[in-house]
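Here is what TrEMBL records for this protein:
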type: BINDING; residues: 17, 18, 19, 20, 21, 142, 143, 144, 145, 146, 147, 148, 149, 150; note: ATP binding site
type: BINDING; residues: 68; note: substrate binding site
Ligand SMILES: Nc1nc2c(c(=O)[nH]1)N(C=O)[C@@H](CNc1ccc(C(=O)N[C@@H](CCC(=O)O)C(=O)O)cc1)CN2
Ligand SMILES: Nc1ncnc2c1ncn2[C@@H]1O[C@H](COP(=O)(O)OP(=O)(O)OP(=O)(O)O)[C@@H](O)[C@H]1O
C-alpha cells in the first residue's frame with residue numbers, strides 16, 4: 001500500500017490539516033473589518049480584469065462565511081451565477097442572479113444558500129468555478145473546512161476541465177499544504193496580490 005493510502009498516514013495528514021485550519025481561521029477572524037474589505041475589493045478587481053472571467057457564461061461562486069473573501073461586488077454583476085446548497089455530503093448548485101426572485105436563506109452551517117426550489121445549474125453551461133478555501137498552496141492544493149464537499153464535487157466527470165480558482169487572502173497562500181490521495185489541485189489562486197495560475 002502506498003504511503004498516502006495507509007490509515008495511519010491519512011490520520012497524520014488530517015491532524016496536520018486540522019492544526020493549520022485552526023491557526024489560519026484565527027488569523028482570518030482577527031483581520032480588522034476595513035483591511036478585510038479592502039482586500040476583498042482587490043480580489044474582486046483582479047477577477048473582473050481576467051478575460052476568462054469576462055467571457056464566462058455561468059460562474060460558480062459562494063456566499064462568504066467566517067470572514068472568507070466576500071465576492072459581493074462580483075455577485076452584484078447582472079450575470080448568471082451558481083450558488084451551492086449542502087445536501088447530505090453533496091453540493092447542489094442553483095442558478096442565481098441579482099434581479100432574480102429566487103430567495104437566499106441561512107442553510108446548513110449557517111451559510112447563506114439558495115432555496116431548494118430555485119432552478120438547478122446545468123454543469124455544461126459553467127465556465128469557471130470560484131472555490132472558497134481556508135488556504136491554498138502555490139501548487140493549487142486547497143485546505144477547506146474538512147467536509148470534503150469540493151473534493152467530492154471536483155472528482156466528478158461533469159466538472160473536469162473547468163477552471164477552478166481558490167479564493168484566499170495572501171497570508172493563506174502557502175508554500176505547501178499536506179496533501180491526501182483524494183486532493184486534486186485547483187487551476188489557480190486569487191488573492192489581493194493578484195491571480196496566480198498554475199503552469
Ligand atoms: N462560503 C462557503 N460556502 C460553502 C463552503 C465553503 O467553504 N465556504 N463549503 C465548502 O466545502 C461547503 C460547506 N462546507 C462546510 C464544511 C464543514 C463546516 C464545519 O463547520 N465543520 C466543522 C467541523 C467538522 C468536522 O471536523 O468534522 C467546524 O469547522 O467546526 C462548515 C462548512 C458549501 N458551502
Ligand atoms: N473524491 C472523494 N470521494 C469521497 N470522499 C472524499 C473525496 N474527497 C474527499 N473525501 C472525504 O472528505 C473528507 C474531508 O477531506 P479534507 O480534509 O481534504 O477536506 P477539505 O478539503 O478541507 O474540506 P472541504 O472541501 O469541505 O472544504 C475526507 O475524510 C475524505 O475521506
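Using N, Cα and C of the backbone, Cβ positions are placed for all residues, glycine too.
Features per TrEMBL, on structure.
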residue	record	DSSP class
17	ATP binding site	helix
68	substrate binding site	coil
143	ATP binding site	strand
149	ATP binding site	helix
* Asked: For ligand 1, which among the binding-site residues 17, 19, 21, 143 have a CB under 6 Å from it?
  -> none
* Asked: What same-chain residues, at least 6 away in sequence, bring their CB to under 8 Å of the CB of residue 145 (ATP binding site)?
  -> 21, 134
* Just checking: which of the binding-site residues 19, 21, 68 have a C-beta under 6 Å from ligand 2? -> none
* To do: Would you find the one among the binding-site residues 17, 21 whose Cβ has the most company, meaning other Cβ atoms within 10 Å?
  => 17
* Taking the Cβ of the residue listed as 'substrate binding site' as the centre, how many other Cβ atoms fall within a 10 Å radius? -> 20
